[in-house]
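Peer 1: Take a look at the following structure, please.
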Amino acid sequence: MRGLILALGFLTRLPLPVLRDFQCAELVRAVVWFPAAGLVVGAAVALAAALGTVLDPWLGALAGVVMWAWITGGLHLDGLADTADALGAAHRDPARFLTVLADPHVGSFGVIVLVLQLAAKLVLLHWLLTLDLPWPALVLIPAWTRWAAAGWTLLLPPLKPGLGERFAWQGNRAGWGAGGLALAAVSAITPIAFVALIPAVLWGVWMWLKLGGQTGDILGAGIEWSESAALLLAGVSLALARGIIAG
(Lines of atoms letter the chains of each structure in order from A; the text may use other names.)
(Lines give C-alpha, C1' and ligand atoms only; values in the text may rest on other atoms or scores of the structure.)
Protein backbone atom coordinates (compact mmCIF):
# COMPACT_ATOMS: atom_id res chain seq x y z
CA MET A 1 0.00 0.00 0.00
CA ARG A 2 2.94 2.34 0.61
CA GLY A 3 3.88 1.93 -3.04
CA LEU A 4 0.42 3.02 -4.19
CA ILE A 5 0.46 6.04 -1.86
CA LEU A 6 3.89 7.05 -3.15
CA ALA A 7 2.83 6.66 -6.78
CA LEU A 8 -0.31 8.72 -6.21
CA GLY A 9 1.66 11.32 -4.29
CA PHE A 10 4.20 11.60 -7.10
CA LEU A 11 1.78 11.63 -10.06
CA THR A 12 -1.22 13.43 -8.56
CA ARG A 13 -2.02 16.21 -6.11
CA LEU A 14 -4.58 14.21 -4.15
CA PRO A 15 -4.53 14.76 -0.37
CA LEU A 16 -2.81 11.64 0.92
CA PRO A 17 -1.08 10.52 4.11
CA VAL A 18 2.45 11.91 4.29
CA LEU A 19 5.08 9.16 4.42
CA ARG A 20 7.88 11.04 6.12
CA ASP A 21 10.17 8.03 6.44
CA PHE A 22 10.20 6.89 2.82
CA GLN A 23 13.42 6.32 0.91
CA CYS A 24 13.98 7.31 -2.72
CA ALA A 25 14.37 3.63 -3.60
CA GLU A 26 10.78 3.09 -2.46
CA LEU A 27 9.51 5.59 -5.01
CA VAL A 28 11.47 3.78 -7.70
CA ARG A 29 9.87 0.48 -6.73
CA ALA A 30 6.48 2.22 -6.70
CA VAL A 31 6.71 2.43 -10.50
CA VAL A 32 4.58 -0.73 -10.63
CA TRP A 33 1.72 1.37 -9.26
CA PHE A 34 1.92 4.02 -12.00
CA PRO A 35 -0.91 2.40 -14.02
CA ALA A 36 -3.11 2.44 -10.90
CA ALA A 37 -2.36 6.14 -10.48
CA GLY A 38 -3.32 6.57 -14.12
CA LEU A 39 -6.65 4.89 -13.44
CA VAL A 40 -7.31 7.40 -10.67
CA VAL A 41 -6.47 10.27 -13.02
CA GLY A 42 -8.68 8.81 -15.74
CA ALA A 43 -11.58 8.23 -13.36
CA ALA A 44 -11.41 11.83 -12.13
CA VAL A 45 -11.31 13.18 -15.69
CA ALA A 46 -14.20 10.94 -16.79
CA LEU A 47 -16.30 11.95 -13.78
CA ALA A 48 -15.71 15.67 -14.36
CA ALA A 49 -16.49 15.32 -18.06
CA ALA A 50 -19.64 13.30 -17.38
CA LEU A 51 -20.96 15.85 -14.90
CA GLY A 52 -20.26 18.76 -17.23
CA THR A 53 -21.82 17.00 -20.21
CA VAL A 54 -25.15 16.92 -18.39
CA LEU A 55 -25.38 20.61 -19.29
CA ASP A 56 -23.35 20.78 -22.51
CA PRO A 57 -20.62 18.71 -24.24
CA TRP A 58 -18.32 21.73 -24.40
CA LEU A 59 -18.72 22.26 -20.67
CA GLY A 60 -18.00 18.57 -20.16
CA ALA A 61 -14.84 18.82 -22.25
CA LEU A 62 -13.69 21.91 -20.36
CA ALA A 63 -14.38 20.25 -17.00
CA GLY A 64 -12.41 17.20 -18.10
CA VAL A 65 -9.39 19.22 -19.24
CA VAL A 66 -9.40 21.34 -16.09
CA MET A 67 -9.54 18.21 -13.96
CA TRP A 68 -6.73 16.65 -16.04
CA ALA A 69 -4.48 19.62 -15.35
CA TRP A 70 -5.49 19.98 -11.69
CA ILE A 71 -5.19 16.37 -10.56
CA THR A 72 -1.73 16.00 -12.12
CA GLY A 73 -0.59 19.36 -10.77
CA GLY A 74 0.60 20.29 -14.25
CA LEU A 75 3.50 17.86 -13.77
CA HIS A 76 3.47 16.47 -17.29
CA LEU A 77 2.53 19.81 -18.87
CA ASP A 78 5.67 21.26 -17.29
CA GLY A 79 7.72 18.51 -18.89
CA LEU A 80 6.04 19.16 -22.23
CA ALA A 81 6.87 22.88 -22.07
CA ASP A 82 10.49 22.25 -21.08
CA THR A 83 10.93 19.67 -23.84
CA ALA A 84 9.42 22.01 -26.43
CA ASP A 85 11.78 24.80 -25.39
CA ALA A 86 14.77 22.46 -25.53
CA LEU A 87 13.87 21.10 -28.95
CA GLY A 88 13.21 24.57 -30.31
CA ALA A 89 16.43 26.11 -29.02
CA ALA A 90 18.88 23.21 -29.25
CA HIS A 91 19.41 23.32 -33.03
CA ARG A 92 20.30 19.61 -32.97
CA ASP A 93 23.04 20.18 -30.39
CA PRO A 94 22.64 17.46 -27.69
CA ALA A 95 24.58 19.42 -25.07
CA ARG A 96 22.50 22.55 -25.62
CA PHE A 97 19.33 20.44 -25.56
CA LEU A 98 20.10 19.25 -22.02
CA THR A 99 21.14 22.76 -20.93
CA VAL A 100 17.87 24.31 -22.10
CA LEU A 101 15.92 21.38 -20.68
CA ALA A 102 17.34 22.13 -17.22
CA ASP A 103 16.36 25.82 -17.41
CA PRO A 104 13.35 26.36 -15.09
CA HIS A 105 12.04 29.28 -17.15
CA VAL A 106 9.38 28.73 -19.82
CA GLY A 107 10.22 30.14 -23.24
CA SER A 108 8.11 30.97 -26.27
CA PHE A 109 8.21 27.43 -27.64
CA GLY A 110 6.96 26.07 -24.34
CA VAL A 111 4.10 28.56 -24.09
CA ILE A 112 2.96 27.87 -27.66
CA VAL A 113 3.01 24.11 -27.17
CA LEU A 114 1.17 24.36 -23.84
CA VAL A 115 -1.63 26.38 -25.43
CA LEU A 116 -1.85 23.97 -28.35
CA GLN A 117 -1.87 20.94 -26.05
CA LEU A 118 -4.69 22.22 -23.86
CA ALA A 119 -6.67 23.32 -26.91
CA ALA A 120 -6.15 19.92 -28.53
CA LYS A 121 -7.38 18.07 -25.45
CA LEU A 122 -10.40 20.36 -25.20
CA VAL A 123 -11.45 19.89 -28.83
CA LEU A 124 -10.70 16.17 -28.92
CA LEU A 125 -12.50 15.49 -25.66
CA HIS A 126 -15.54 17.40 -26.92
CA TRP A 127 -15.48 15.36 -30.13
CA LEU A 128 -15.31 12.12 -28.17
CA LEU A 129 -18.17 13.17 -25.92
CA THR A 130 -20.35 13.81 -28.97
CA LEU A 131 -19.34 10.38 -30.29
CA ASP A 132 -20.33 8.77 -26.97
CA LEU A 133 -16.87 7.43 -26.16
CA PRO A 134 -17.21 4.55 -23.68
CA TRP A 135 -16.34 6.01 -20.28
CA PRO A 136 -14.03 3.08 -19.37
CA ALA A 137 -11.84 4.01 -22.35
CA LEU A 138 -11.34 7.53 -21.00
CA VAL A 139 -10.39 6.03 -17.64
CA LEU A 140 -7.92 3.60 -19.19
CA ILE A 141 -6.07 5.93 -21.57
CA PRO A 142 -4.19 7.77 -18.75
CA ALA A 143 -3.40 4.40 -17.18
CA TRP A 144 -1.82 3.11 -20.38
CA THR A 145 0.24 6.27 -20.88
CA ARG A 146 1.66 6.04 -17.36
CA TRP A 147 2.36 2.35 -17.79
CA ALA A 148 4.24 3.27 -20.96
CA ALA A 149 6.18 5.99 -19.14
CA ALA A 150 7.28 3.43 -16.57
CA GLY A 151 8.44 1.25 -19.44
CA TRP A 152 10.43 4.07 -21.00
CA THR A 153 12.36 4.48 -17.76
CA LEU A 154 13.14 0.77 -17.67
CA LEU A 155 14.12 0.38 -21.32
CA LEU A 156 15.94 3.63 -22.11
CA PRO A 157 19.11 4.98 -20.46
CA PRO A 158 18.94 8.28 -18.54
CA LEU A 159 20.38 11.33 -20.29
CA LYS A 160 21.40 12.98 -17.01
CA PRO A 161 21.52 12.19 -13.28
CA GLY A 162 18.24 12.44 -11.43
CA LEU A 163 15.07 10.55 -10.64
CA GLY A 164 14.93 9.21 -14.19
CA GLU A 165 18.33 7.63 -13.60
CA ARG A 166 17.14 5.88 -10.45
CA PHE A 167 14.05 4.59 -12.25
CA ALA A 168 16.21 3.26 -15.06
CA TRP A 169 18.58 1.20 -12.92
CA GLN A 170 16.36 0.18 -10.01
CA GLY A 171 12.99 -0.35 -11.66
CA ASN A 172 10.91 -3.50 -11.34
CA ARG A 173 10.56 -5.02 -14.82
CA ALA A 174 8.55 -8.01 -13.65
CA GLY A 175 6.10 -5.76 -11.82
CA TRP A 176 5.85 -3.50 -14.86
CA GLY A 177 5.05 -6.45 -17.09
CA ALA A 178 2.44 -7.73 -14.66
CA GLY A 179 0.85 -4.29 -14.58
CA GLY A 180 0.61 -4.32 -18.36
CA LEU A 181 -1.10 -7.70 -18.35
CA ALA A 182 -3.58 -6.50 -15.73
CA LEU A 183 -4.35 -3.38 -17.77
CA ALA A 184 -4.79 -5.46 -20.91
CA ALA A 185 -7.28 -7.70 -19.12
CA VAL A 186 -9.30 -4.70 -17.97
CA SER A 187 -9.07 -3.05 -21.39
CA ALA A 188 -10.70 -6.10 -22.97
CA ILE A 189 -14.05 -4.62 -21.94
CA THR A 190 -13.38 -1.57 -24.13
CA PRO A 191 -10.67 -2.43 -26.70
CA ILE A 192 -10.55 1.11 -28.04
CA ALA A 193 -8.36 1.96 -25.02
CA PHE A 194 -5.52 0.00 -26.64
CA VAL A 195 -5.02 2.87 -29.11
CA ALA A 196 -2.99 4.60 -26.37
CA LEU A 197 -0.20 2.10 -27.00
CA ILE A 198 0.40 3.36 -30.54
CA PRO A 199 1.61 6.89 -29.70
CA ALA A 200 3.36 5.56 -26.59
CA VAL A 201 5.46 3.18 -28.67
CA LEU A 202 6.17 5.91 -31.23
CA TRP A 203 7.37 8.27 -28.48
CA GLY A 204 9.62 5.58 -27.06
CA VAL A 205 11.14 4.92 -30.50
CA TRP A 206 11.63 8.66 -31.04
CA MET A 207 13.44 9.04 -27.71
CA TRP A 208 15.67 6.10 -28.56
CA LEU A 209 16.53 7.19 -32.11
CA LYS A 210 16.71 10.98 -31.71
CA LEU A 211 17.78 11.50 -28.11
CA GLY A 212 19.30 8.20 -27.06
CA GLY A 213 17.59 8.16 -23.68
CA GLN A 214 15.14 9.82 -21.33
CA THR A 215 14.73 12.39 -18.57
CA GLY A 216 11.81 13.22 -16.32
CA ASP A 217 10.78 16.17 -18.50
CA ILE A 218 10.81 14.08 -21.67
CA LEU A 219 8.76 11.38 -19.94
CA GLY A 220 6.17 14.00 -18.97
CA ALA A 221 6.09 15.31 -22.52
CA GLY A 222 5.58 11.77 -23.76
CA ILE A 223 2.62 11.24 -21.46
CA GLU A 224 0.97 14.43 -22.73
CA TRP A 225 1.65 13.58 -26.38
CA SER A 226 0.43 10.02 -25.96
CA GLU A 227 -2.80 11.14 -24.27
CA SER A 228 -3.69 13.65 -26.98
CA ALA A 229 -2.77 11.27 -29.78
CA ALA A 230 -4.77 8.50 -28.11
CA LEU A 231 -7.83 10.76 -27.93
CA LEU A 232 -7.44 11.51 -31.64
CA LEU A 233 -7.05 7.85 -32.57
CA ALA A 234 -10.02 6.89 -30.40
CA GLY A 235 -12.15 9.51 -32.13
CA VAL A 236 -11.11 8.38 -35.60
CA SER A 237 -11.78 4.75 -34.66
CA LEU A 238 -15.26 5.55 -33.35
CA ALA A 239 -16.08 7.72 -36.36
CA LEU A 240 -14.98 4.99 -38.77
CA ALA A 241 -16.93 2.33 -36.90
CA ARG A 242 -20.08 4.43 -37.06
CA GLY A 243 -19.69 5.46 -40.67
CA ILE A 244 -19.16 9.13 -39.84
CA ILE A 245 -15.82 8.97 -41.65
CA ALA A 246 -15.72 6.93 -44.84
CA GLY A 247 -13.31 4.04 -44.52
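Glycine is no exception: its Cβ is also placed from the backbone N, Cα and C atoms.
As listed in Swiss-Prot for this protein:
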type: TRANSMEM; residues: 31-51; note: transmembrane segment
type: TRANSMEM; residues: 57-77; note: transmembrane segment
type: TRANSMEM; residues: 109-129; note: transmembrane segment
type: TRANSMEM; residues: 136-156; note: transmembrane segment
type: TRANSMEM; residues: 189-209; note: transmembrane segment
type: TRANSMEM; residues: 218-238; note: transmembrane segment
Peer 1: Do any residues of this chain, six or more beyond the ends of the transmembrane segment (136-156), have a C-beta under 8 angstroms from a C-beta of it, and if so which?
Peer 2: 11, 31-32, 34-39, 41-43, 45-46, 49, 64, 128, 164, 167-168, 171, 173, 176, 179-180, 183, 186-187, 189-190, 192-197, 200-201, 203-204, 207-208, 213-214, 219, 222-223, 226-227, 230-231, 234
Peer 1: Give residue numbers and ranges for long-range contacts of the transmembrane segment (218-238): same chain, 6 or more residues beyond its ends, CB-CB under 8 A.
Peer 2: 75-80, 82-84, 101, 117, 120-121, 124-125, 127-128, 131-133, 137, 141-142, 144-146, 148-149, 152-153, 159, 164, 192-193, 195-196, 198-200, 202-204, 207, 211, 244-245
